[in-house]
């Protein structure tokens, strides 16, 4: 979430200075700062296409003024994206069927791979052979989308390997998953959590908003058992596959919202999706939450504040502060970390570790 409502904070030092004052009622010790490289850090990029005089350009549009900016190079994008952008554009410019009613492109990379998604205002079935040729000639994993339709050439799944405390963690996911778009910072976030856990007495972990298992797989060795919840069926399927990739057997995934889990733990409602999981078998010493921008609602806060230790990863300092007002009634902030996910922008990712008073 952007800090631009509070000022033009772009550098990590400026963000740090603001956050120290903004959260001073909860935390007065030293913050841990995690910087990112300032170029080629972002693994996801979305661009529009601009058509003029029968040719094609990458473009971005200012959301307020609607002013158009022709894009030739993205210095923040992963090197694989930067290298592929001109090759793709040259190919599209030479194929009238492919460039007709093409309005957008999404690039996604991992350390190993790259995929692109082309977005159309027409029936992509009519250009299926052209799209297949593009995928084959440029040797690219390609997805094409138009209203109600999706075509996949080669594969839409990407493989990723993260290095966490001298361990390699293997993942597979696709473009529909929520992905931390700065791989180096993602590794630093997970490592920060692991370093905290190294000093803790641990039993079982409850994780909410687990996605495809980004944190879950890396934290599995620290706990006897993990219960991880997520509402996306696709994410759950990838999480299960990622357990197989890492030979991990102590994670139990449940396709439940956080609100539904709260009802289940309080025994106010039974869920068929929990039929193979005995909640009473878990002894949660820690909770990990990585919520969307809206933060945690009251039912989730009431649930997690029962447990001794809370790890809160936040993409929105404003909702984090609101949630801490409630959580600080029962817990104390022990560690606070700042992750410069998007360099030279007002965005900031925070990590907070709380323990019960």
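Just so it is clear, glycine is given a Cβ too, placed from its N, Cα and C backbone atoms.
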*S-adenosyl-L-methionine site partner of 180, 209, 214, 230 (as recorded in Swiss-Prot), chosen from 126, 290, 297*: 290
_Comparing the binding-site residues 180, 214, which residue's C-beta has the most other C-beta atoms within 10 angstroms in this structure?_
214
*residue 209 (S-adenosyl-L-methionine binding site), number of other Cβ atoms within 10 Å*: 22
*Can you tell me which binding-site residues out of 209, 214, 230, 290 are within 10 A of residue 315 (active site, nucleophile) by Cα, answering none if there aren't any?*
290
_Quick check: which same-chain residues outside 180, 209, 214, 230, 290 lie with their CB within 8 A of the centre of the S-adenosyl-L-methionine site CB atoms?_
178, 210, 211, 212, 215, 313
*Does residue 230 (S-adenosyl-L-methionine binding site) have same-chain partners at least 6 apart in sequence with Cβ under 8 Å from its own Cβ, and which are they?*
209, 210, 211, 236, 239, 253, 254, 255
_Span of 180, 209, 214, 230, 290 around S-adenosyl-L-methionine - largest C-alpha separation, Å_ = 16
